[in-house]
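These notes are about the structure you will find just below.
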Amino acid sequence: MSSDQHGERPRWLDRPETVTLIVHSLWVICAALVVAEFFYHKHPYFRFDGSFGFYAIFGFAAYCFIVLSAKRLRRLIKREEGYYDE
Amino acid sequence: MSELLLNPAILMMAAGLVALVLPRRALGIWAVAVPLATLWLLWTLPQGEAGRLTVFGIELITRRIDGLSFVWAVIFHIAAILAGLYAWHVQDRVQQVAALIYAGSAIGAVLSGDLLTLFLYWELTALSSVLLIWASRNPTATKVGFRYLVIQVISGLLLMCGALVLYRDQGTVAFGHIGLEGLAGWLIFIAFGIKCAFPLLHNWLQDAYPQATPTGTVVLSAFTTKLAVYALARGFAGEELLITIGAVMTAFPIFFAVIENDLRRVLSYSLNNQLGFMVVGVGVGTELALNGAAAHAFAHILYKALLFMSMGAVLHRVGTVKASELGGLYKSMPVTTIFCIIGAMSISAFPLFSGFVTKSMILTAVGGEGYWVIWTVLLFASAGVLDHSGIKVPFFTFFFHDAGHRVKEAPWNMLLAMGITAFLCIGIGVYPEPLYAILPYPVDYAPYTAAHVITQLQLLMFAALAFAVLMRKGWYPEEIPSTNLDTDWLYRRLLPRVIRSLLNGMWAIDRGARAGAMAVVNGVVERMAKSHGPEGLMSRNISIGAMVSWVSLFLAIYLFLSFY
């Protein structure tokens, strides 16, 4: 049910262009953060965390891994809502 | 005697009892004024041990204020004040009384200098907090409350056993460093571990917290588990086992949080994950790590309360916090939306928010000690936090598909409580020095370095980008009504089944035994009937005539023989 069905004026966030704009801004921010790699002094704890773009790659990969494996986990542990019948 | 009474915990609990007879309309202001007053008292009390009491020759210390207990006592007070304000409108006497006694006993536990006093307060937190679950007044909450209570009481009993064994072995119940040596150490460790929601002992938390009242969950989220973290920091700092336990705790709940539909349960999994960071800090045990654990507990209580407050406000207005039934609420509850986002950014540890200046102390300590596997797990868990608390909770509640709910904004007192909490979350993030000043050890740590800000932003923004990509591709798991199995399945399904089949087995054996006995009895009865029945040998009727003739025959023989 959207704003229209309530007789409301559609909001800025309801428009698909806005969502696209937000996602594009995210890409731009991420690109800027990669460029920032050249402009600060690293002091890694170990060797691997000092490699180029480590945090960026790790953040993206870890997130995908978590979400996609949780989706798999659902096949194993998901039951209907009233499973425990309480 | 006055030393005993001059204790914020005792006074707060006494105020809780006073609330039993206060006019209902005064309950709200009472719930705020009392912790404010006792916080002032705490601030003026001198450091050191006081309130000594000798019971059966055992010396108890009811008030110990030092670097470690002070920071916990302060944040417990702040949490009580904010929760009181948030629940200002609640005129349910049970909840208001329980909240004060619960907060008071948690503070008492933190201030206790010996294990027996700790035990008393430990059990009292269990008994008072369960009322906040039962106050939901529905059959599910009643059942859940009992499960919660049983587990909490077991934790208390283990603590008491451990304290008694320690007293037998060492002649003291002083609550200092305990360590994992001997039976006493392990008993107390497991007692703390249950309350701290260690992996496999954790599920009482996700079971119980989502069933409490909207305001009750906010209270619950602050005390019990952080009390356990305090107890671990006091008794088991530097135990390497805690590092592994904590790392597992940060990682596994995030998978459950991703697919959970009840958003207060999502936050409970997230709470569990945050506790993991603190447990790791305690396990590392260096000054920086312990400071990190204390600071993170402080910041965590605030942002977690803020998140639970925002979900409580939604529950209060909409009547549900199921992600599958929510969406688009920013249109009706814009202020709550902003506060929820502030909580989400704090827990995700964005720069300028509280998590950024506290969690990083733990990660720095872990990295500095060279635990690279643990450090990587914590970083991995940080990306997970961004998903379930940073994005999932605000996104599916306030944005995404408009579910069509048109409700009023949260009541003024909820908004005010959320506003102050949000202010504190940002305040700590922007200006952490006052928090650093009350940590147990001197702080030599600067969170705002270019490297820290940029790397943290890279981690978070790229994780957010992953969310956007997965969402647009349609690969993000949708929110669906469901129950997900966790370890509670063991005692909610498996154990009853095992007991049922055991009982069935016993019934069968019993039935068999009784049938056998009946067969024997029947056999005996039948044989008796055969021999003694009307046609039986023993009851055959021999005629008198025949008997007389036999007698005469015998007499005749006797006579005949007597002649010779």
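Using the three backbone atoms N, Cα and C, a Cβ is placed for every residue, glycine included.
The domain 'NADH:quinone oxidoreductase/Mrp antiporter transmembrane' annotation in TrEMBL covers B:112-382. Residues or ranges marked as transmembrane segment in TrEMBL: B:6-22, B:27-45, B:65-88, B:100-122, B:146-167, B:179-201, B:241-259, B:335-353, B:373-400, B:412-431, B:451-470, B:542-561 (among others).
Using a cut-off of 8 Å between Cβ atoms, the transmembrane segment (B:373-400) and the transmembrane segment (B:241-259) share at least three residue pairs, counting only pairs 6 or more apart in sequence. Using the rule of three or more Cβ pairs under 8 Å, pairs at least 6 apart in sequence, the transmembrane segment (B:100-122) is not in contact with the transmembrane segment (B:335-353).
Of the two recorded stretches, the transmembrane segment (B:335-353) lies close to the transmembrane segment (B:451-470), with three or more CB pairs under 8 Å once pairs fewer than 6 apart in sequence are set aside. Looking at which of B:65-88, B:146-167, B:179-201, B:241-259, B:451-470 has the most CB pairs under 8 Å to the transmembrane segment (B:412-431), the answer is the stretch B:65-88. Here the transmembrane segment (B:65-88) has long-range neighbours at 8, 12, 28-32, 34-36, 38-39, 42, 45-48, 95-96, 99-100, 103, 106-107, 110-111, 215, 218-219, 222-223, 226-227, 230, 233-234, 290, 294, 297-298, 301-302, 305, 309, 312, 413-414, 416-418, 420-421, 424, 438-441, meaning same-chain residues at least 6 beyond its ends whose C-beta is under 8 angstroms from one of its own. Tertiary proximity for the transmembrane segment (B:241-259) is limited to same-chain residues at least six positions away from its ends with a CB under 8 Å from its CB atoms, namely 180, 193, 197-199, 202, 206, 232, 266, 269-270, 272-284, 366, 371, 373-374, 377-378, 380-381, 384-385, 387-389, 392, 477, 482, 484, 486.
Long-range contacts of the transmembrane segment (B:451-470) within the same chain, counting only residues at least 6 positions beyond its ends with a Cβ under 8 Å from a Cβ of the stretch, are 348-351, 356, 360, 379, 382-383, 386-387, 390-391, 476. Counting same-chain residues at least six beyond the ends of the transmembrane segment (B:6-22), those with a Cβ under 8 angstroms from any Cβ of the stretch are 30-31, 34-35, 37-39, 41-42, 45, 50-51, 62-63, 73, 77, 80, 93, 96-101, 103-105, 107-109, 111, 121, 124, 128.
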